[in-house]
Amino acid sequence: MPVKSYLAFSHEGRYPHMIARLEQCDGVSVYPAENRNVAVVVTSSDDESSEQRVKSALEAIVDIHCLTLVFGYADPAPFAV
Amino acid sequence: MVSRRIFIKNMALSSAVVAAQSLLPGVLFPSASFGAAASGLTWHKTPCRFCGVGCGLLVGIDSGRAVAVKGDPASAVNKGLCCVKGYHSVQALYGKDRLRSAQMRKNGRLVDVPLSEALDAVADHFKKTIAAHGKDSVAIYGSGQWTIPDGYVAAKLFKGCLGTNNVEANARLCMASAVTGFLTSFGLDEPMGCYEDIDHADVFILWGNNMAEMHPVLFSRLLERRQHHKRTLIVDLATRTTRTSFAADKSILFEPQTDLAIANCIAYQIIKDGRVNRSFVEKHVAFKKGHTDIGYGLEDGFHFKDEATPTDFAGYAAFLEDYTPEKVASLTGVSAADLRYLAALYGDPNRKVVSFWCMGMNQHTRGTWINNLVYNLHLLVGKISRPGNGPFSLTGQPSACGTVREVGTLTHKLPHGVVMNEAARKKAAEIWQVPVENIDPKPSHHTVSMFRALDSGAIRMMWIQVTNPMVTMPKLKRYRDAAKKEGRFIVVSDVYPTPTTDIADVVLPSAMWIEREGMYGNSERRTQHFQQLVEPPGEAMSDTLQIIEVARRMGFGDKFPQDPKTHIREIWEEYRRFHDGPKHGMAPYEVLLQRPGVIWPFHEGRETKWRYHAETDPAAKGSSFDFYGKPDHRAWIWARPYEPAPEVPDREYPFWLCTGRVLEHWHSGSMTRRIPVLHRAVPEAYAELHPDDATRLGVRSGERIRLVTRRGSLEMTVAVDQRGRPARGHVFVPFFDEALLINEVTLDAYCPISKQPDYKKCAVKVERV
Ligand code: SF4
């Protein structure tokens with residue numbers, strides 16, 4: 001159950017486009033700031049492979065200038081000894 | 001009932017909101033339940049296990065396991081941010097092949113044995129080796145990933161009790177030139193400023209430093225500064241186009257080794273443009289020159305000692321006449337216009353400038369010189385030791401500063417001062433309660449020399465902790481063969497099997513990071529404490545306790561009387577006695593417990609963020625700058641020339657070979673390659689080529705080539721324009737992959753002053769397979 005959160009910054013002038021594209025991604029919740037061009041992005045997936053798909057979808061958004069990882073959670077099970 | 005997933009998502013959301021608020025004060029988000037906490041998780045502060053940025057992390061513990069990581073919003077280093085390595089760091093604790101038991105080689109094979117038996121064998125072998133071959137036949141080789149207590153007890157046992165200076169650490173391979181650069185220019189090691197400089201600077205000049213991958217959170221802070229301070233400029237000065245180049249405002253490529261000429265040219269142009277801060281230079285700077293044509297350390301027994309000869313401003317200016325932009329442009333490949341542009345940035349009195357560098361300048365056969373030359377630039381214009389102005393040498397490892405440079409786990413060093421200094425020896429002997437005669441006044445072997453001594457037989461037994469030299473030594477085959485020679489005995493403490501444990505006679509399983517208590521010291525002089533948060537697997541034991549256990553078995557129990565429950569506090573308080581006073585005072589243990597790191601000098605309850613200026617540094621005399629590290633209270637500008645690399649491309653070996661790291665992997669990959677997401681991201685090493693070279697050779701990404709140098713050859717996959725782009729005629733290969741050991745072919749040349757090898761330059765032939 002990987003859960004991650006990021007801060008997303010857009011390229012100059014591309015903020016609304018970035019938000020629109022983020023909102024179309026499966027497994028992604030977007031929380032745009034009310035007074036600055038920054039959004040919190042939270043991703044949640046069932047396993048590592050769907051996590052990888054979410055990650056690829058985010059990387060394909062060309063309007064994103066910088067996506068900074070802030071938080072991550074993964075169940076112990078997938079990498080238990 | 002709210003599900004566990006929703007709890008965790010809320011926690012992820014609230015962490016990001018807190019991070020945003022510390023980056024962008026006043027930012028507002030729609031109301032949401034930001035404060036919810038996940039059930040069962042408790043959060044604890046720790047510095048990150050990996051790089052020298054030293055981010056503060058909060059690690060979530062659930063049922064005795066570390067399962068979650070977030071950036072600590074209270075940390076002044078990362079303000080709640082975290083990179084992909086830091087976020088996944090806890091998974092490195094749980095790889096399937098974690099070493100849980102000690103091993104000893106019996107009939108040629110490593111077999112599991114009780115830890116106590118292995119510790120007995122190590123102590124016994126040390127005693128026998130010293131009895132047969134003398135005290136200098138044994139050595140310890142540690143790491144910038146040693147915690148501060150690990151390094152401290154190693155230095156005390158070897159230098160204080162056994163009486164040998166055969167103590168080195170892998171930071172010799174990454175930071176030694178920075179140390180000798182600081183010492184020769186300022187008389188004291190480590191940066192004068194701190195990361196807060198980023199919040200005040202207008203211009204960042206990155207000298208051969210791919211910060212976007214190697215110091216990603218600091219690079220985020222640079223980008224954030226640029227977003228909110230429109231005058232900000234980031235200039236990437238490099239030999240290869242990287243992610244940093246793409247994000248920079250200007251990317252300038254130069255020919256390897258010619259950074260020496262570039263720095264001198266910038267100094268020439270600053271003087272020519274009348275941009276010298278005359279009053280600063282007259283009051284606070286002295287001019288020196290040293291020896292030239294100083295060699296490359298390629299011969300066994302190589303020896304070099306530099307000497308400072310006084311010169312003056314006029315002599316220095318005359319020396320720089322060889323470095324006009326036109327002359328330097330043809331040598332370096334940098335246009336005269338760009339060289340003048342760089343000089344204009346450094347010289348502009350209305351811009352604050354920070355220079356950053358790391359391995360590009362340090363892993364350099366003239367590493368000390370290029371460090372000196374960048375200091376020269378800041379000193380000529382007086383942009384130093386003030387918020388937003390300063391040269392800033394970054395470290396690669398989490399405690400290269402804390403453990404190696406501050407504790408002094410290098411052959412010539414003591415926790416305070418050097419072995420050559422009688423007062424320093426007396427102080428160490430008093431604190432360690434050993435006879436002063438125990439401490440040898442002569443340094444013995446630096447790292448390359450130590451492995452050469454293993455080859456010659458002068459060193460017979462070596463204990464290697466928290467490092468993987470059988471991946472990281474240059475010209476690797478020679479030193480692997482040396483370690484495997486008859487009559488050598490190698491002890492390795494580590495957390496996973498590696499090519500270094502492969503050549504060991506005894507393997508000791510180590511407790512890793514938050515499986516024990518410890519401290520790291522990062523690039524900005526910040527000491528960070530971490531508690532034990534989880535149990536180590538099997539019989540794994542901290543490196544500190546391993547050394548104490550061996551010391552006791554060798555009869556030094558009275559020097560190591562610490563209680564296992566409180567030993568880290570006891571060691572810290574003993575170590576602090578070396579650093580009393582306003583120049584290097586360290587915070588008490590209780591203060592470290594409370595705060596997400598403390599910058600030293602810590603004096604009368606306050607951190608010293610900028611050294612050498614009376615407004616910010618209690619050790620500085622007078623009302624402005626005081627470079628008190630030097631007896632004349634001046635910083636030294638050095639006249640250091642350009643000299644070529646020892647091996648340059650020729651008809652037979654026509655390419656430059658440069659090695660380095662990638663964002664996802666930590667050094668030799670022994671931890672990060674066991675983290676599935678990081679391993680999948682970059683599963684194996686590759687050779688980057690310029691697209692024109694790839695076309696000429698008839699190869700495309702994914703196809704195989706053979707790299708051949710005078711030391712050997714290896715085959716690997718080509719990568720064209722996938723992450724970085726080398727210049728034409730250059731090859732770049734990351735070194736994290738133990739299955740593709742690029743150091744089989746690198747050269748063991750080093751800076752004759754710092755003794756740090758140059759992993760960035762040798763000549764290579766590229767063949768299509
Ligand atoms: S930037 Fe370095 S210290 Fe910070 S999280 Fe990444 S690896 Fe760890």
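A Cβ is built for glycine as well, from the same backbone N, Cα and C atoms used for every other residue.
Please treat TrEMBL annotations as automatic predictions, because they have not gone through curation.
Feature annotation from TrEMBL assigns signal peptide to B:1-19.
Sequence annotations record features per position, and here TrEMBL assigns domain '4Fe-4S Mo/W bis-MGD-type' to B:41-97.
Marked as [4Fe-4S] cluster binding site by TrEMBL: B:C48, B:C51, B:C55, B:C83. Taking a C-beta cut-off of under 8 Å and a sequence gap of six or more, B:C83 ([4Fe-4S] cluster binding site) has these contacts in its own chain: B:C55, B:P216, B:V217, B:L663.
TrEMBL lists B:K85, B:Q145, B:N170, B:C174, B:257-259, B:M359, B:Q363, B:N468, B:493-494, B:D543, B:659-668, B:N743, B:K760 with the feature Mo-bis(molybdopterin guanine dinucleotide) binding site. There are 25 other Cβ atoms within 10 Å of the Cβ belonging to B:K760 (Mo-bis(molybdopterin guanine dinucleotide) binding site). Look at B:K760 (Mo-bis(molybdopterin guanine dinucleotide) binding site): DSSP puts it in coil.
What TrEMBL records for B:F735 is substrate binding site. Sequence-distant neighbours of B:F735 (substrate binding site) (same chain, six or more apart, CB under 8 Å from its CB) are B:V471, B:T472, B:T659, B:G660, B:R661, B:H667, B:S668, B:A685, B:L741, B:I742, B:N743, B:Y759, listed in sequence order.
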Proximal but sequence-remote residues of the same chain as B:D543 (Mo-bis(molybdopterin guanine dinucleotide) binding site) (Cβ under 8 Å, at least 6 apart): B:G142, B:W146, B:T147, B:D150, B:Q465, B:V466, B:S493, B:S510, B:A511
Filtered binding-site residues, from B:C48, B:C51, B:C55, B:C83, B:K85, B:D543, whose Cβ is under 6 Å from an atom of ligand 1: B:C48, B:C51, B:C55, B:C83, B:K85
Near-site residues: [4Fe-4S] cluster, ref B:C48, B:C51, B:C55, B:C83, CB cutoff 8 A to centroid: B:F50, B:V53, B:G54, B:L57, B:N78, B:C82, B:K85, B:G86, B:S89, B:P216, B:V217
Filtered binding-site residues - B:C83, B:K85, B:Q257, B:V662 - keeping only those with Cβ under 8 Å from chain A: B:C83
Helix-strand-coil residue split for the domain '4Fe-4S Mo/W bis-MGD-type' (B:41-97), DSSP-based: 11 helix, 20 strand, 26 coil
DSSP three-state assignment for B:W666 (Mo-bis(molybdopterin guanine dinucleotide) binding site): coil
Pairwise Cα distance for B:C48 ([4Fe-4S] cluster binding site)/B:K85 (Mo-bis(molybdopterin guanine dinucleotide) binding site) [Å, integer]: 9
Among B:Q257, B:Q363, which are binding-site residues, the residue with the most C-beta atoms within 10 angstroms of its C-beta: B:Q363
